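Okay, structure first, notes after.
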Amino acid sequence: MMLSASPAAVARSSLEEMLDSLRQRDEALEKSKDLPPALPARPTSRARLPSARHSLPTDFKVDANGQLESKVEIEINKGKEDTKRKGKQLGCKTGSFGSKKMKKDQNCVDSNPYAEEKNKPAKGPVISSMPNIEEPEWDGNIGYFIKKKLRIWCQLPNGRWGSGNIQSTSRDEAVVSFSAGNFVKVSTADLLPANPDILEGVDDLIKLSYLNEPSVLYNLKYRYSQDKIYSKAGPVLIAINPFKAVPFYGNEVAKAYKQKLMDSPHVYAIVDTAYNEMMRDEKNQSIIISGESGAGKTETAKHAMQYLATLGGGTSGIEHEILQTNCILEAFGNAKTSRNGNSSRFGKLIEIHFSIMGKICGAKIQTFLLEKSRVVQLAKGERSYHIFYQLCAGAPSILRERLNVKMASEYNYLNQSECLVIDGVNDALNFHKLMEALDIIQIYKADQEQIFSMLAAILWLGNISFQVIDNENHVEVLADEAIATAGRLMGCNIQDLTLALSTHKIRCGKDDIVKKLTFRQAIDRRDALAKFIYASLFDWLMDQINKSLEVGKMCTGRSINILDIYGFESFKNNSFEQFCINYANERLQQHFNRHLFKLEQEDYEGDGIDWTKVDFADNQECLNLFEKKPLGLLSLLDEESNFPNATDLTFANKLKQHLSSSPHFKTERGRAFAIHHYAGEVVYDTNGFLEKNRDPLHSDFLQLLSSCSCQLPQLFVSRMSNQSQYLKFTSSLCQSGGLESSTQSVGTKFKGQLFKLMRQLENTTSHFIRCIKPNTKQLPGVYEDDLVLQQLRCCGVLEVVRISRSGYPTRITHQDFARRYGFLLWETNVSQDPLSISVAVLQQFNAAPETYQVGYTKVFLRTGQIAKLEEQRKQVLQGILGLQKCFRGFLARRDLNEVKKGATILQSFVRGENARRKYKCMPKSCTVSASLTVDIDNHLVAIIYLQSAIRGWLAQKQLRDKYKLKNLSHENPNSKRKLGKKISEVKVIPQEQVEIQTSILAELQRRVTKAEVALVQKEEENAALREQLQLFERRWAEYEGKMKTMEETWQMQMESLQTSLVAARKSLAADNTTGQHGRLDSFASPRYYDSEDNVSSGLRTPGGSTPNKMSLAIHDGRVGRETNGSINAISILAKEFEQQRQNFDDNAKALAEVKAAQPASSDAELRKLKLRFETWKKDYKVRLRETKARLNKLGHGEIERRTRKWWGKIGSKGFQRSSHT
């Protein structure tokens, strides 16, 4: 029975309790020793006044238990039964997203953009200390929406939301009309206000006036239809998988976000914010990427790493190596599932470390819970890890022969799912990319070959067959190719491998008992060996990658973590792997809630600011179901795993016995049980739970692997031995009370890894990216409302937006605020305690009261306020730097002038001292130099005397030789005149002189005779040349006439061709104007072109027309050669004229054919043809003139000149000879 309460009772139960709690908290704070000593009591805040959200509902009631209950809650509880039922079917708590709590908060937070707010007096009791400002409620605005015919959201009977207008109302029902023309009668409780059209497709959900479930859903749908896959929900980035390539990635987009040229929601913007906060606050950051399988988490992580590589130095060096790890991790850790073609089957945390300058200096990769069972067991339509198919498709022939690699269809581990390829994926090409990535990560070729050997060995292990040998189902290994190849690739003895797979050794005292295995046991042991080898290989490969990327000495402790972990999974058959994956997602959801809901609201309440708490769906109870001791899921699983006779059925019965009272646990038939996760209800089948949790590997296999000749199996065993020794050490400590007990179960190991991850994330500033899967068929452009709505409910998007809209994302302690912005104060009389400085700074810059609140220990700022303060700080710092620059410049110039003055004085003293020392040394140097000068002068005088004597001797010798030659030349003519006198005086002349004169006379006679003979020959040659000259003159006259005729003909043809070209151009212009086709005959050749053949043929000179005897008659033959060259030049010119005429004629005809189709291009070609014609004509004229000049010179100049010169010489010689005789 509901009873009304009196005002006094209400005031006593709410106000006094609140005051008592505040008084107790203030007393505790005063006694605390952790408070800073300089922090005074809290002054009166200039923050916004407390809103009406603190006032009690005017229609409150008190139930029988003394609990307050609002009328709004009662009405909503009655009207939302269908919504509760649908929420349970989707596996979500009613009221988490778009439920009654949100509607209640909406009335408190949101304002009506259509109707004016009305301040009405309260009808019920109101606390006097709080102002009564009643906000308009949705129920009171139905009439306004009917009058204005505004849009509303209506929940249809199928659970979906539709947009329409209210036509009429009747009590609790309303008639809504839709755009299609149909009408629906619904309850007014199922109506929600729609946002105006101007807010359609906003990039941040905070900007929505009415924040409700359909508005958020359809705002994201509108943006997705425009390929805008990123949206903001306060501090959370929502990324919807487009299932296609989108154009807003790459270096150009990254550069734009780096330079703040773009501010739209993007993964680059989130990473840029994390990077800037790391550099500014010197605090590590984390980017947590979550979502369902197939939502695009792996691709989002890739883009985040690419942007960090761009910020941290580019895509070369260590950055390039970090990016290449994606290829390796995808090959060895990703596989195709029924929901995703590239699903990550392990979790990874990538720590990227930065130097002081913000450059990447190293990285480290942590992995979690690799799904080993996928190596040996596949569901239909799924694939194993990509590396197996890549090896079978892309291995080189040499490697294929060495490892005996066959097609994927021939291996049992791969063909059992009947899915060997993925549409649009080239496994061979991906294998080559993997090889390049391994080289970049610096994995040696020998190690690469061992990796591929282990992979091939795993595939051949799956092909090992067993044969039943007795009635007890005992088996033995068939000796075939599979066992031989597997043993060879592992480097072990085939007989030892056969025994390890088919028998089981039990140690009994000092003896070993060998027990044969059944068929099922042998299969399980074989699969256990394959899973152990692959898991160990994966861990070893991660160690090698971390060694290659290890942080050097440049590490400063600054890092950004990128967490890409498997998403929430719910299949038709869910096993131990899905159990662990969903547990990890519950823990990550708790981290999400803790940072965005719990810690923030606790921070508000703890600092005493005005705040209305926002309700959200907390999953702490579900986590307690997993982690509680001793009756939690993990504890019971470990307990049952330790019992040797326990089965999966006994484990399921134990869960139903101890956990049936939990609201998140649901019993199912047989071995199954269900858990209500934050994202929905999942039914698990306990088949294989105990075996997978134990993860056994018999000692026979450890001994076998340690005896292998290959290095990797030995490393796997040694690694496992080291872990076992560590576990024994921790067990001894826990027995002595030092540590909590630890086991080797997979569940416990995974829980420890998860706790370590959570502690690591707690020490960083978290940034969240929620990936949404728009459809289950992985098709681009398809948006399934129910699927997206379920994911939005699980993510708690609406609650995040509510807190972000009404909250204060920027929180700074008073000490830090005063230290960073205290110097901006203009007044110096402000108290120097941090809180007073914080308030004074905010007052100085006129911060609006609603944009901040002052708490006990912190200043809380709305979104965007810290940016304004940073801008003011930047301007003041720039001014200070400018002033300091000028003052430092003045000091530097003053110091420079003083230094220059001192340097000048010092230099003057040094120069004076040097001059004085030089002056003292001058007398000595003068004496030495005088003696040296005398010696040099004496040597020079001696050299000059010697040179003058030599020159005189040479001149005298030359003069004597000239006299001898002169006397000899005078004696020759006198000897001939006085021949008779000398003969008469023979008796007087000595005998020697007589002999000399006789020899001279004989020589002269011989010369005369020779000259006479030469004269006769020259006369004969002269006569022949005269005849040849006459012949050439006749020919020249003929050639001159022909040349003149040809030149006239050429001039006429040139004029005709030019006329034709002008006519063609006019014809083309006329055709362009009228659009009619021209005629081809306008470009016909002139009629006198036919005479060109006659002219050219007349110009040709036959070879027989040149006399053959000409070369014999002329001595040097030069004239004949020049004549033939000229004749050939004339023939060449004639031929060239013929060819050019034909070419121009052909070009003109071609233009006539083209002009109708392309008038513009034909006009351009006509201009080019004309230009080419003018150029050729000018060149032809020049060469024609040169040929004519050569013929003129040959005919009249050269022969005449030579003839005259020859006759002049003959005449002078003949005259001299006649005078001598």
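Glycine is no exception: its Cβ is also placed from the backbone N, Cα and C atoms.
Database features (TrEMBL):
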BINDING   Gly291, Glu292, Ser293, Gly294, Ala295, Gly296, Lys297, Thr298  ATP binding site
DOMAIN    147-196  domain 'Myosin N-terminal SH3-like'
DOMAIN    200-874  domain 'Myosin motor'
REGION    21-57  region 'Disordered'
REGION    79-131  region 'Disordered'
REGION    754-776  region 'Actin-binding'
**Item:** Residues near Ala295 (ATP binding site) in space but at least six apart in sequence (CB under 8 A)
**Value:** Ala239, Asn241, Gly567, Cys771, Ile772, Lys773, Gln791
**Request:** Determine which residues of the same chain, besides Gly291, Glu292, Ser293, Gly294, Ala295, Gly296, Lys297, Thr298, have their CB within 8 A of the center of the CB atoms at the recorded ATP site, and list them by sequence.
**Result:** Asn241, Asn340, Ser343, Gly567, Cys771, Lys773
**Prompt:** Could you give the number of helix, strand and coil residues in the domain 'Myosin N-terminal SH3-like' (147-196) as assigned by DSSP?
**Reply:** 5 helix, 29 strand, 16 coil
**Asked** Using a Cβ-Cβ cut-off under 8 angstroms and a sequence gap of six or more, which residues of the chain neighbour Gly296 (ATP binding site)?
**Response** Ala239, Ile240, Asn241, Cys771, Lys773
**Message:** Give the mean pLDDT for the domain 'Myosin motor' (200-874) on the 0 to 100 scale.
**Reply:** 87
**Prompt:** Which residue counts does DSSP yield for the region 'Actin-binding' (754-776) in the helix, strand and coil classes, in that order?
**Reply:** 9 helix, 8 strand, 6 coil
**For Lys297 (ATP binding site): intrachain residues, at least 6 apart, with Cβ closer than 8 Å** = Ile289, Ser290, Gly291, Ser344, Asp564, Ile565, Gly567, Cys771
**Request:** For Glu292 (ATP binding site), list the number of other Cβ atoms lying within 10 Å of its Cβ atom.
**Result:** 25
**Message:** Please give me the CB contact count at 10 A for Thr298 (ATP binding site), counting all chains in the structure.
**Reply:** 21
**Message:** Can you give me the same-chain residues 6 or more apart in sequence from Gly294 (ATP binding site) with a CB-CB distance under 8 Å?
**Reply:** Asn241, Arg339, Asn340, Ser343, Gly567, Lys773, Gln778
**Prompt:** Which residues in the same chain, at least 6 apart in sequence, have a Cβ under 8 Å from the Cβ of Ser293 (ATP binding site)?
**Reply:** Thr337, Arg339, Asn340, Ser343, Tyr566, Gly567, Phe568, Glu569, Lys773
